[in-house]
């Protein structure tokens with residue numbers, strides 16, 4: 001009998017069953033089901049048809065802005081050939097982007113369309129800035145800097161390369177860029193320009209189709225949660241008559257925003273970017289790290305969006321540090337730029353520049369300093385990250401914009 005007991009204990013240890021973790025998953029699932037039933041009992045079915053509010057003017061604005069983004073990228077390529085002044089190139093790009101933002105505000109009323117186009121436009125802006133700075137470094141350092149000197153070497157067309165050619169502006173040590181390679185860079189899911197990229201041997205269309213279906217389902221889920229859960233919570237918070245009701249509605253909203261954020265992350269970073277990577281044969285598909293396991297906010301900002309993190313590090317952080325700015329000052333400037341970009345995208349898409357998202361992003365500097373004290377307690381740091389992120393973080397700030405938008409333009413009669 002004792003031998004059988006020892007054998008049973010050994011089998012239990014080998015299986016490594018985490019019963020409390022399984023129980024917490026079951027409780028969370030039951031709580032979500034209860035939340036869904038309570039919402040249905042109170043509001044019924046509120047879901048609308050996808051893009052039901054889309055106007056013909058929005059479709060016109062869509063093509064208009066896409067064409068402007070194409071010309072922005074085209075002019076950036078031409079400017080690299082005919083102008084050597086980096087400041088002029090950057091001013092041109094920013095001026096073009098301001099014009100695109102104005103057109104977005106004027107012509108596109110649908111928030112989803114507007115938000116998607118602005119994210120796309122800012123991505124093209126960051127790509128073209130990286131493109132200009134890459135060649136500026138070659139022109140500046142030339143053969144004296146080994147890091148950028150190999151950019152003039154000839155690489156075969158099979159690896160999507162840059163040809164080594166003597167030109168009017170670059171002389172023998174500089175690089176002539178093929179337009180086809182530039183277009184390839186514009187299409188692939190990266191923001192940092194390189195002389196060559198690793199490519200896949202072939203395309204797996206079944207995998208691409210599978211990712212596309214997941215992406216489509218994720219977008220429909222986002223619209224469903226927005227209409228059925230998030231918007232009613234926003235109105236309930238507005239009409240709360242006592243502190244208990246306010247806390248209850250804020251907690252309900254935090255559930256909705258958490259699901260929205262996770263589904264958005266999955267649809268964008270796992271589905272959409274991988275679709276682009278596999279269609280363009282772009283091999284480097286490292287778009288995020290395991291940010292959900294971070295123990296501080298500092299780790300989160302370096303893990304959740306690798307393309308943007310690498311862009312800020314290469315284009316902003318390293319040049320500032322190399323020019324004798326402190327690392328803390330460089331980090332503060334990065335968050336300042338990030339706050340401006342977030343405010344631009346959210347404010348222009350909702351047609352309201354309130355400054356909430358700017359303050360939310362810029363305040364991350366202080367939250368990082370506070371969360372650094374929890375590095376010795378990783379679990380505590382992770383708890384604090386999720387609490388601040390789900391309840392008082394940027395998802396809440398984003399929905400303040402939607403609250404103002406819906407309360408202003410789409411009055412909804414809802415019994416409390």
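Here the Cβ of each residue, glycine as well, is placed from N, Cα and C on the backbone.
Counting every protein chain shown, 20 other Cβ atoms lie within 10 Å of the Cβ of residue 342 (active site). If you look up TrEMBL, you'll see 342 marked as active site.
What TrEMBL records for 20-39 (among others) is transmembrane segment. Tertiary neighbourhood of the transmembrane segment (20-39): same-chain residues 228-229, 232, 252, 255, selected by CB-CB distance under 8 Å and a gap of 6+ residues from either end.
Annotation source TrEMBL lists transmembrane segment at 59-79 (among others).
With a threshold of 8 Å between CB atoms, the same-chain residues lying at least 6 positions outside the transmembrane segment (86-105) that come near it are 61, 64-65, 68-69, 72, 75-76, 79-80, 114, 117-118, 121-122, 125, 128-129, 132-133, 136, 344, 348-349, 351. Per TrEMBL, the feature transmembrane segment maps to 86-105 (among others).
Within the chain, the transmembrane segment (111-136) has long-range Cβ neighbours (under 8 A, six or more residues past its boundaries) at 51, 54, 58, 61-62, 65-66, 69, 72-73, 76-77, 79-80, 86, 89-90, 93-94, 97, 100-101, 104, 151, 174-175, 177, 182, 185-186, 191-194, 223, 308, 311, 314-315, 341, 344-346, 348-350, 402, 405. Under the heading transmembrane segment, TrEMBL lists 111-136 (among others).
Residues or ranges marked as transmembrane segment in TrEMBL: 204-226 (among others). Within the chain carrying the transmembrane segment (204-226), a Cβ under 8 angstroms from the stretch's Cβ atoms is held by residues 47, 50, 112, 256, 259-260, 263-264, 266-267, 270-272, 274-275, 278-279, all 6 or more beyond its ends.
Feature annotation from TrEMBL assigns transmembrane segment to 259-279 (among others). Counting only same-chain residues 6+ beyond the ends of the transmembrane segment (259-279), those with a CB under 8 A from a CB of the stretch are 187-189, 200, 203-204, 207-208, 211-212, 214-215, 218-219, 221-222, 225-226, 229-230, 285, 287-288, 304-305, 307, 390, 395.
What TrEMBL lists as transmembrane segment is 328-346 (among others).
Outside the transmembrane segment (353-371), and at least 6 residues removed from its termini, the chain residues within Cβ reach (under 8 Å) are 296-298, 301, 331-332, 335-336, 338-340, 342-343, 346-347, 381, 384-385, 388, 393-394, 397-398, 400-401, 404. Sequence annotations record features per position, and here TrEMBL assigns transmembrane segment to 353-371 (among others).
Marked as transmembrane segment by TrEMBL: 383-402 (among others).
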Task: Long-range environment of the transmembrane segment (328-346) - Cβ separation under 8 angstroms, sequence gap at least 6 - done: 101, 115, 118-119, 122, 312, 316-317, 320-321, 353, 355, 357-362, 364-365, 394, 398, 401
